[in-house]
Amino acid sequence: MKNLIQFMTRVPIKGDFEKAREEVWMLPLLTPLTAFIPSLILYLNIPLKNVLSILSLYWVIGLLHLDGLADWADGIMVKGDREKKVRAMKDVNTGIAGTFAVVMILLIQVYSLFSAPFYSIYLAELNSKMAMLLALATKKPLGEGLGKYFMDKLTTKRVFLGGVLYALLLIPILLYDPQSIFALLGLVGGIYAVKISLDNFGGLNGDCIGAVGEITRGATLLILGVWA
């Protein structure tokens, strides 16, 4: 688990990158770590809790996935064939589509927390991690890179075990508030992002996986914010 923590978060822990892909099925298990501080901020109801909660979240998980969302959006929005879209996604310069996507996902998260319950960031992170795991489970890599690197070691058994972890981490919140079951709808956003990626690029790379995680978290918070 420490290897996955070292790669997927900014927590200062030593890990082996080569072993991280052996632990990728444990992605949902990162949620208590990544969502603890943001959830605590919301629970304590301190001033500017919405902004501070999101800032603390990215302080823990870093900006890698957010950067992936920007690249993904640039590729999705460009007109042309798959080759042109992939080239736009891999361009080191962020375009207007990428900037717009990042700004929108941040605004959605911050403003959703005005009405969403304190545990919503936990559910959003849990969904985000599960959606990323499901994206990797497609086994449809886009060339060589991080996407293929993690897909290669992800078996059906490991995906199932990841699903079990997801369920076990979800149950306590469902017992606390049965209406939180609606958070599951947030996964639809991630699944749709996977479909868009496959339709536009023909596969998934690290940018696509990061975008799936960000979109799923934003969709979950939006649903919980509206439902509340």
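Cβ atoms here come from the backbone N, Cα and C positions, even for glycine.
Per Swiss-Prot, the feature transmembrane segment maps to 24-44 (among others). Tertiary proximity for the transmembrane segment (24-44) is limited to same-chain residues at least six positions away from its ends with a CB under 8 Å from its CB atoms, namely 1, 4-5, 8-9, 11, 50, 52-54, 56-57, 59-61, 113, 118-122, 124-126, 129-130, 132-133, 136, 150, 153-154, 158-159, 161-162, 165-166, 169.
The annotation transmembrane segment is assigned in Swiss-Prot to 50-70 (among others).
Through the fold, the transmembrane segment (96-116) approaches residues 42, 49-51, 53-54, 66, 69-74, 76-78, 124, 214-215, 217-218, 221-222, 224-226, 228 of its own chain, all at least 6 residues removed from its boundaries and within a Cβ separation under 8 Å. Annotation source Swiss-Prot lists transmembrane segment at 96-116 (among others), citing sequence analysis.
Long-range neighbours of the transmembrane segment (117-137) within the same chain, counting only residues 6 or more positions beyond its ends whose Cβ lies under 8 Å from a Cβ of the stretch, are 24-25, 27-28, 30-32, 34-35, 38-39, 42-43, 53, 57, 109, 147, 150-151, 154, 159, 162-163, 166, 169-170, 173, 176-177, 180, 183-184, 186-187, 189-191, 193-194, 197, 204, 208-210, 212-221, 224-225, 228. Under the heading transmembrane segment, Swiss-Prot lists 117-137 (among others).
Counting residues 6+ beyond its ends, the transmembrane segment (159-176) has Cβ neighbours under 8 Å at 25-29, 31-32, 119, 122-123, 126, 129-130, 133-134, 137, 183 in the same chain. Here Swiss-Prot flags 159-176 (among others) as transmembrane segment.
The annotation transmembrane segment is assigned in Swiss-Prot to 181-198 (among others).
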Fill in the blank from the handout: Per the Cβ filter (under 8 Å) with a sequence gap of at least 6 from its ends, the transmembrane segment (181-198) is approached by 72, 76, 120, 123-124, 127-128, 130-132, 134-135, 138, 140, 173-174, 204, 208, 211-213, 215-224, 227
